[in-house]
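TrEMBL has this to say about the protein:
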- 3-180: domain 'Josephin' (DOMAIN)
- CYS16: active site (ACT_SITE)
- HIS117: active site (ACT_SITE)
- ASP132: active site (ACT_SITE)
Amino acid sequence: MSEGEVFHEKQRLELCAIHALNNVLQERVFTRETADDICKRLAPQSVMNPHRSVLGTGNYDVNVIMAALQSRGLAAVWWDKRRSVQNLCLDKIQGFILNVPSRVSLGIVSLPLRRRHWLAVRDVNGHFYNLDSKLKGPACIGGETELRSFLTEQLSQDIAEMLLVVQKEVDDSGMWLKADDTRK
């Protein structure tokens, strides 16, 4: 499969959480409207919803991502980055959603600020792709070895976090983790 055949939404406003969800699912499932509906369900009494930007431009939090995945029969498993990514059972994981620091820019000018950014990584036909919505297109990472190196590098950043996207049954059974890693 060529990079042109890999689904990849590009960054718009502060909608990286929606783009990460759609990119990890490899289809346009979620929109700003569906994310806003999730926010309303999560905090129905809130005037200022704590799960998104007050400006209405996006910037959705992890609760929105988790609820969105649950609506599709999936689960988001938080990865304890003190563990080695060698302990991941990759064939049980549908994809990854990472929250990483990202530079802020105005046009071509990069500001000395960093914000948090959601991005997706996924296997498509035997090749893992970085589906970061800030990229011009999907970036092929390679096979399992290259993926583990990529994830290790991303998680080495102080504030980086990772969610494993798995089927609900895989989450319930813990099959995303190799059997020889007894810490859960």
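Including glycine, each Cβ sits where the backbone N, Cα and C put it.
Note: TrEMBL annotation is automatic and uncurated.
In this structure, the active-site residues HIS117, ASP132 were compared by how many other Cβ atoms lie within 10 Å of their Cβ, and the smallest count belongs to HIS117.
For the domain 'Josephin' (3-180), the model gives a mean pLDDT of 85. Spacing of CYS16 (active site) relative to ASP132 (active site) is 8 Å (Cα to Cα, whole number). Taking CA atoms as the reference points, ASP132 (active site) and HIS117 (active site) are 9 Å apart. For CYS16 (active site), the number of other Cβ atoms no farther than 10 Å from its own Cβ, over all displayed protein chains, is 27.
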